[in-house]
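Asker: To start, I am sharing the structure in question, which I have written as structure tokens.
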């Protein structure tokens, strides 16, 4: 079985983002970028499935500008076998940057085309990317390929032609059994991603990386949404320092009235 | 103001007994769009849910799909039903809970439209406000789709009241079995503590708590206040608690009435998960810790002295 993992290049979660002064977006130039943390968990799970003998090959795929090849190389260094870069550089539909044309439905359609070529038994994605916070691509991909979905997975167990997925739901856990091929999105609890070793980073440079365009994959980019403005959230009122526990309890009871 | 071209379908979340609180808030969001509101209740032996939905102020119609195949909400069959019915509406809404997040993108993709996730404000029938970058920025987004699919962040809307003119209930006989997925079981946490993302009070511990054993102090304070327990990534990485308790950009995003951060310095990644809390209290021995910049009430001191004293005082 092949496992396909979709990854995204995002701003490092530990970076304090800056909103562009014209409200057109968030500054991504000269900002530290990284693989989306939930995608790291998806890559890790795919590699573990291979190590356990459930997968023969792990393919990583990412859509975006040339720079996302960096994150694909990271995934190769972690243990993926080969990479596919869907290069969106030539797309000129987006006013500011090429990545904003990559709405979740578009990414799902690109991944559907890759699935049609590669025929994976399992597709792993992060549950959401920490930039746009959409939490949509896995579900949309499952819908348009008419395959089952195991979203917010905290445990994945292969069972012959099916996969058992434990899902994190509000208030607890739920288990579903999905017939392969299936689409799984990863939650934080699924695993702890490994770090790439230096020899593996060197080896990753020689692993194959295919570059395709949306046109080659037969996907026409259609925009469904227009971002009118990006603003800062309202600023909190400055707080006060209290000198003692009794003063704190008094304020919480009588001023804030929360206890 | 009502506009006859607008019509909203709300996909109800329920446990076959009663509607989820988040669905009641979704009705408020739907009312701000305008137009008729229809609620789709799909489940098994869930007539009581349909009756409850029919009495909600603002709900004009209820559609009930009652069959064993809908007993547990599986996205594979529910999405077919919702997309089928939803094609006749201008808006399709559900709460941005794990139920709504699991289902709605599938519905949107079946209708070949985009989705607006976690909406916190509705400006007009096609323009919404939604947080991005874990709430560190707000995006005003216009949908150009013929059908708008939205998930609603329930914390941003009020609960719709009951007591309206009872709406009519239409029973549907469309049964869609799913052959590609199967419900296998459920474990609802049997904790006396409320669930982290829904709790009114959250007490979180960070690296400053020191070790796993000392986290009992945080638990004691949480129990005293009837709150849930959270943790910073540092506390999770150090093995004090399991990572499902992590509050932050990659963990849970919470917005309780009261958030008490104990021994947490306040890294950006953590703040992203809790900065929309109504009242934030920080207890830290370092007066320069960044957490004090967003805390409403800050107390500098040794948590091993302050927290027991606080438990005593409550």
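Even glycines carry a Cβ here, placed using N, Cα and C.
Just lifted these from TrEMBL, have a look:
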- B:207, B:232-233, B:246-250, B:263-270, B:284: FAD binding site (BINDING)
- B:8-192: domain 'Electron transfer flavoprotein alpha/beta-subunit N-terminal' (DOMAIN)
Asker: Suppose we call a site close when its Cβ is under 8 Å from a Cβ of chain A; which of the binding-site residues B:207, B:246, B:249, B:264, B:267, B:270 are close?
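Answerer: Answer, by Cβ distance to chain A: B:246, B:249, B:267.
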Asker: In DSSP terms, helix, strand or coil for residue B:270 (FAD binding site)?
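Answerer: DSSP assigns residue B:270 (FAD binding site) to helix.
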Asker: Just jot down the residues in the same chain as residue B:207 (FAD binding site), at least 6 apart in sequence, with C-beta under 8 A of its C-beta; none if empty.
Answerer: B:232, B:234, B:235, B:238, B:263, B:264, B:265
Asker: Which of the listed binding-site residues (B:264, B:267) has the least company, meaning the fewest other Cβ atoms within 10 Å of its Cβ?
Answerer: B:267
Asker: For residue B:207 (FAD binding site), just give me the three-state DSSP call.
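Answerer: In the DSSP reduction, residue B:207 (FAD binding site) maps to helix.
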Asker: Return the count of C-beta atoms lying within 10 angstroms of the C-beta of residue B:249 (FAD binding site), excluding that atom itself.
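Answerer: Here the count is 24.
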